[in-house]
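One structure below.
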Amino acid sequence: MKINTFKRHFREGTKNLVRNSWMTVAAVGAVTTTLVLVAAFLMLMLNLNQIADNIESDADIRVFIDLSAEEDDIDELGQNIGELNRVEEFYFSSKDEELEALVEDLGEDGEAWELFEQDNPLNDVYVVETYEAEDLAGVASTIEGFSNVDDVDYGSETVDRLLQFNQYARYIGITFIAALLLTAIFLISNTIKMTITARRDEIGIMRLVGAKNSFIRWPFFVEGMLTGVIGSVIPIALVLGGYHFLYINLNDRLNFQFIELLPWNPFAWQLSLMLLAIGAFIGIWGSVMSVRKFLKV
Amino acid sequence: MIEMNNVYKVYDNGVTALNGVKTTIDNGEFVYVVGPSGAGKSSFIKMMYREEVPSKGHVKINHVDIGDMKDKQVPYLRRSIGVIFQDFKLLPKLTVYENVAFALEVIEENPRKIRRRVMDVLDKVGLKHKARFIPAQLSGGEQQRVAIARAIVNNPKVVIADEPTGNLDPDTSWEIMRIFEEVNATGTTVIMATHSKDIVNKIRRRVIAMENGQIVRDEHRGEYGYED
C-alpha cells in the first residue's frame with residue numbers, strides 16, 4: 001500500500017470517529033466496560049494459576065520405607081521407582097536427615113524433637129517428583145504396591161482438590177471472558193452499523209468508481225482499532241494502579257510461602273499489553289464485521 | 001464492445017425484468033435506451049457495469065463474460081466504465097473538486113496526476129471556477145455536470161447514464177447533452193436511458209426501445225416513438 005493511501009485511510013478513520021462522536025463514546029464505553037471485567041478475571045485467573053503452579057511444583061510423593069528393610073531392599077526399591085516413566089527425579093532421605101529437616105521446619109517448637117536424636121522414630125524416605133502434578137496419584141498408588149513400602153503420602157486430598165478447583169476456575173474464567181468479548185464485539189458492531197447507514201452512499205459511490213473492497217474496509221479497520229485502543233486506556237490505568245495497590249496490601253498479609261501474587265512488574269505491564277491487544281482486536285473485529293454486508297458485490 | 005445473448009433477469013421477488021435480450025453495442029456508439037417505466041431499462045443498463053448479473057444468458061464486456069467474473073475483478077471493470085444517475089449521487093460534504101478527485105483517490109492514483117486530471121475535467125464541463133463549492137451551492141444542472149466529471153475523470157471506455165436529465169429543466173438538459181456528445185466524439189461509448197422525447201428526436205442516434213423486458217425496436221438515427 002502506498003504511503004499516501006495509508007495516510008488517507010488513517011485520516012478517514014479518525015474523521016469518522018470524530019464525526020460520530022456519540023457513537024464513538026458508546027463503542028468506547030462498551031470496550032472499556034468489557035476490558036475492566038476481563039482485566040479483573042485475568043488478574044484472578046493468572047494468579048490462581050500461579051498459586052496452583054507453585055503448589056504443583058512443590059508437590060511430591062513421600063515413600064516411607066519399612067523399618068525392617070535392609071540396605072539391599074532399599075536399593076531395590078529405589079531402582080524400581082527409578083524405572084517408572086512418569087517420575088522426573090527422586091532422592092533418598094535417611095531418617096536422620098528427616099528428623100533434622102523436621103526440627104528445622106518447626107523452629108523453636110522443634111527443639112523438643114531433638115530428644116529423639118538417640119532413638120529416631122521416623123522412617124527412611126524416598127522423595128519422588130513427577131513431571132506433572134496430575135501423575136502424583138497414579139505413581140503413588142503404583143509405589144504403594146512395591147515391597148518394603150510402609151506408606152505413601154502425597155498430600156492427596158489437598159493437591160487433588162486444589163487441582164480440581166483450579167481447573168474449574170479456569171473453565172469458568174475462560175467462558176466468562178469469551179462471553180464478555182462476544183458481547184463487546186456485538187455492541188461495537190451494532191454501534192458502527194448505525195453510523196454506516198449514513199456512509200452507505202459513500203460506500204456505494206466508492207464501489208461504483210472501482211474501489212477495491214479492501215480499500216473500502218481500511219478506514220473501518222482503523223476506526224475499530226482506534227475505538228479499541230481508546231477503550232483500553234481506562235482499564236490499563238486501573239490495572240497498573242489497582243494491581244499495585246493490591247500487591248502491596250495483600251502480598252504481605254498472605255504469609256504462606258506457596259501463596260504469592262505475581263509481582264507487579266512485569267505482570268501489570270504484561271496484562272496491560274494484553275488488554276491493549278484485546279481492545280484493538282475486538283474493535284477491529286466489530287467494525288469489520290459491520291461493514292461486511294455493504295461489500296457484497 | 002458489449003454483447004448480450006439471451007439475457008434473462010428474474011429478481012428474488014419474482015419480477016421478470018429482462019426476458020430474453022440480445023444485442024451488441026460497438027465501441028464508440030451513442031445509444032439511447034427508451035421505453036415505458038418498468039420496461040427493464042435500468043436492469044438492462046445495470047448488467048453493463050455488473051451491478052446485476054443475468055439469471056440466464058450471457059453478458060460480455062470486451063469478450064469477458066461478467067457471469068464468470070470473480071468479485072475481485074469487478075472493481076477493475078468499473079474503472080473502465082463511468083456511471084451517471086438521475087439523482088447525481090454526489091457526496092454532500094465534499095467540495096466539487098473533492099467529489100471528482102474521489103474517483104481517482106479510491107483507485108490510488110498518484111496525487112499530482114489527480115490534481116491535473118481533476119482540473120482538466122472540471123474545465124471540460126465548465127465548472128473550474130466552482131471547484132471549491134459544495135453540491136448544495138450548485139444548481140441541478142451544475143451538480144449533474146460534477147457527476148459527469150466524476151464519471152469521465154478516469155477516461156473510461158464506456159459512459160452509462162440512467163436518465164441523466166430526468167431532474168433537469170430543458171435548457172439545462174441541452175447543456176448536459178452537449179457534454180455527452182463531446183465525450184462521445186472522443187471515441188467513448190455512451191449509453192443513455194431516457195424519457196426525453198425532445199432529446200432523442202433532436203439529437204438522432206441509435207435507439208433501443210424496450211417493453212416488458214424485451215427489445216422491441218432497434219434502429220439507427222431512430223425516433224423516441226412514444227407519446228410523453
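Indices start at 1 and increase along the chain as displayed.
Yeah, the Cβs are placed from backbone N, Cα and C, and that goes for glycine too.
So that you can see what the record holds, here are the features copied from TrEMBL:
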DOMAIN    A:60-152  domain 'FtsX extracellular'
DOMAIN    A:175-295  domain 'ABC3 transporter permease C-terminal'
TRANSMEM  A:21-46  transmembrane segment
TRANSMEM  A:168-189  transmembrane segment
TRANSMEM  A:220-247  transmembrane segment
TRANSMEM  A:267-288  transmembrane segment
*Grab the same-chain neighbours of the transmembrane segment (A:21-46) for me: Cβ-Cβ under 8 Å, and only residues 6 or more beyond its ends, written as numbers and ranges.*
169-170, 173, 176-177, 180-181, 183-184, 187-188, 191-192, 194-195, 227-228, 230-235, 238-239, 243, 246, 262, 267, 271, 274-275, 278-279, 282-283, 286
_Across the domain 'ABC3 transporter permease C-terminal' (A:175-295), what does the mean pLDDT come to, as a whole number?_
83
*How many of the residues that make up the domain 'ABC3 transporter permease C-terminal' (A:175-295) does DSSP mark as helix, as strand and as coil?*
101 helix, 0 strand, 20 coil
